[in-house]
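Peer 1: I have a structure here, written as structure tokens, and I will follow up with some questions on it.
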2 protein chains.
Amino acid sequence: MRLPIRAVTPESESAEIIGWVHEVRDLGGLTFFLIRDRTGIIQVTIPKKKVPAEIVEAARDVSRESVVRVQGKVKAIAKAPGGREIVPEELEIISVAESPLPLDVAEKVPAEMDTRIDSRFLDVRKPRVRAIFAIRSTVTCAATEFLHSRGYINITTPKIVAAATEGGTELFPIAYFEKEAFMNQSPQLYKQMMMAAGFEKVFEIGPIFRAEEHNTVRHLNEATSLDVEASFADHNDVMELLEDLIVYVYEAVAKTCGEHLAELDVDLAVPKKPFPRIPYAEAIEIANATIEEKLAFGDDLSPAAERAIGNEIGQHYFVVDWPTDIRPYYAMPYPDRPEFCKAFDLMHPRMELSSGAQRIHDHDLLVERIRAKGLAPEAFEFYLKAFRYGMPPHAGWGLGIERLVMTMLGLGNIREAVLFPRDRHRLTP
Amino acid sequence: MRLPIRAVTPESESAEIIGWVHEVRDLGGLTFFLIRDRTGIIQVTIPKKKVPAEIVEAARDVSRESVVRVQGKVKAIAKAPGGREIVPEELEIISVAESPLPLDVAEKVPAEMDTRIDSRFLDVRKPRVRAIFAIRSTVTCAATEFLHSRGYINITTPKIVAAATEGGTELFPIAYFEKEAFMNQSPQLYKQMMMAAGFEKVFEIGPIFRAEEHNTVRHLNEATSLDVEASFADHNDVMELLEDLIVYVYEAVAKTCGEHLAELDVDLAVPKKPFPRIPYAEAIEIANATIEEKLAFGDDLSPAAERAIGNEIGQHYFVVDWPTDIRPYYAMPYPDRPEFCKAFDLMHPRMELSSGAQRIHDHDLLVERIRAKGLAPEAFEFYLKAFRYGMPPHAGWGLGIERLVMTMLGLGNIREAVLFPRDRHRLTP
């Protein structure tokens, strides 16, 4: 029975392993392989005079990154990784790797991002890169567990839609039989409709699609969004939920991904609750104290402003009380000062992670706000209808999974946090 | 503080609730409301002479399915739902529902599927319909938990792709900036590439898109697929995993969704392991014993054949040992009888739930099989490349979430199991 490499200890008598040939060294009378699987690396030592001739023969054909099966005796040996080696009694080449490799898995030669993604399946063999995706998996599974345990219903909303969520032009058009359709840029309208459906608390983890032209290290054209919406809740309620979720997810990663964090040299600090709430007006002041291109009231926060505020605050924080005019039409204005609204952004010191708000639940106010944005209410009839037959007050947010992983692990490029990125110029692999 | 309706007991002294007006009855001196939230229904009784005039006034304007807040004294009363009623001290109309309703939530008049989906947000207010989606949520969350706990990594593969998984024409084309792209019909090729990446065990729950022309009660053009792939595993290993997952998910639903199952009148029997393995040749014989349009060797199982075999077996089962020619190019032929392959379908007595196989991991054999299907290997270069640098043996399957829910709950139409179905004719809401 094959063992994961981690399970082979210096005390094991014999072992059968399958893995990738990480390195080959031929010293004449002695050949060393390092074999790698997802649990670790082990040395296989082939003393040519002491093993059967067919093994020596087979070993000659083994190229780096081939998949091999080795069965043999385990010996304790201080200098080898994990303090043990295998001397093979059987050696089977399961899948030969061509040479040269398009990418160096042992990472002696660092590669450019584009080269890495062109051969992503090789790139991800690097323990450091695999660690990112093992952690990303823990993030999504822990978020699912957290929300399910709090009574949130996991919903699935359509990705093929007839209308733009925010009326923008940044949509990918689809030919849907005889009709024109679009790939959805956000589950926003659908999760709100589920509030009218009486679902009370919902979440979804799924793809979102944005035909944004700009190509940066923090934008993707296809990303994963964790969306939440809750009835009978206001912006403060869902900010608390978001804080709790962030802390829960960080704790899950800290608790179960120690090895992967070590691989990435990340000393993970779990954020402390409550995160500071910084009113928009104050955020502008903090930013303007240091940035060159000063912001005026009503400007969105520029990347430079985000960095300046992040430096000042030094931890996760919320920007609250935004000007109504620069938020989407569905954000609820404060009744007593309608030029501000109950919207918020969750910020990591490096960048924005999440946007949310208490939403407008009054049909007529919503129509007014849609018009004020220069959009046509007729295009939103399927959505507005849900506001005419009993819509409860509700609030929610959307959180970018890639940005969460990127900021958690200090990754420089958002493409590090997604297996097969889609951007302005990239559609493969 | 607002209470969920379930929490209001005959022993409560007072309560504040928010919910939808399920029914209104005006008996002159006495008005009854039934108020509904996601936890239940409660009666609100307004004796006109005993409550403040402004409440009587407000109550006059309350239409069915409006959202109201009620604060008042709780009284035990045998005839009311849950044995209690509230006599209001405060009544606030939060959101007025227009009349008439496009759909009867109290379901005195049953509606056609199309009418129901046109007003899905109202349709889902029916406790019976909501129960389906609460159960679906438990299914996806339990599956996530099961796979995560077994060391499967939750991956996200792209939905915008440059090539067809199976070379079929059943794809929705997308305008991706200057390029033509498609919505992915399956994560198949990507999850296999993650085997070359050394991920060993992966899963994904995500949307799949098929531009199939036919419109039936068991097909959708956008569906949710649970995909699994495992290295160093054969078809038998992943069939066992699939069996374990089905049983785990049924048990989770049986254990935690009692109320919802009762709402649906479903007496859930957890399937027993192991599910019978029926070789394809035998399945054909079983079917031909009763069906009219007899099948020949090499035919796919017709819906009539699936029903006939299902009737005979009477539980979940696998059809194994399929003719290689009628399975996708990536299914692994048996070395000693290559006209058969290591593919399987998981069947519910009513229909197919899942397809899987041990996959071909040898590059040259794969190219040969792609050619044999009349496809061009050049179109699959991004995929084939992963087979040239060390691809381990692997196996996996894809499971349709909607069909799993549909068969678990005995639903007649797959559209019952998806909030916003997309089919040949439907793109909204």
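Yeah, the Cβs are placed from backbone N, Cα and C, and that goes for glycine too.
The following feature annotations were taken from TrEMBL:
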BINDING   B:Glu166, B:Arg210, B:Ser355, B:Arg359  L-aspartate binding site
BINDING   B:Glu352, B:Ser355  Mg(2+) 2 binding site
DOMAIN    B:133-429  domain 'Aminoacyl-transfer RNA synthetases class-II family profile'
REGION    B:188-191  region 'Aspartate'
Peer 1: So which one is it: of the binding-site residues B:Arg210, B:Arg359, which has the fewest other Cβ atoms within 10 Å?
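Peer 2: Looking at the binding-site residues B:Arg210, B:Arg359, the Cβ with the fewest others within 10 Å is that of B:Arg210.
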Peer 1: Between the Cα atoms of B:Glu352 (Mg(2+) 2 binding site) and B:Arg210 (L-aspartate binding site), find the distance and write it as a whole number of Å.
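Peer 2: Each residue's Cα considered, B:Glu352 (Mg(2+) 2 binding site) and B:Arg210 (L-aspartate binding site) end up 17 Å apart.
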Peer 1: To which of the binding-site residues B:Glu352, B:Ser355 does the lowest count of other Cβ atoms within 10 Å belong?
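Peer 2: Ranked by other Cβ atoms within 10 Å, the binding-site residues B:Glu352, B:Ser355 bottom out at B:Glu352.
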Peer 1: List the helix, strand and coil residue totals of the region 'Aspartate' (B:188-191) as derived from DSSP.
Peer 2: 4 helix, 0 strand, 0 coil
Peer 1: So what's the average pLDDT for the domain 'Aminoacyl-transfer RNA synthetases class-II family profile' (B:133-429)?
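Peer 2: Average per-residue pLDDT within the domain 'Aminoacyl-transfer RNA synthetases class-II family profile' (B:133-429): 96.
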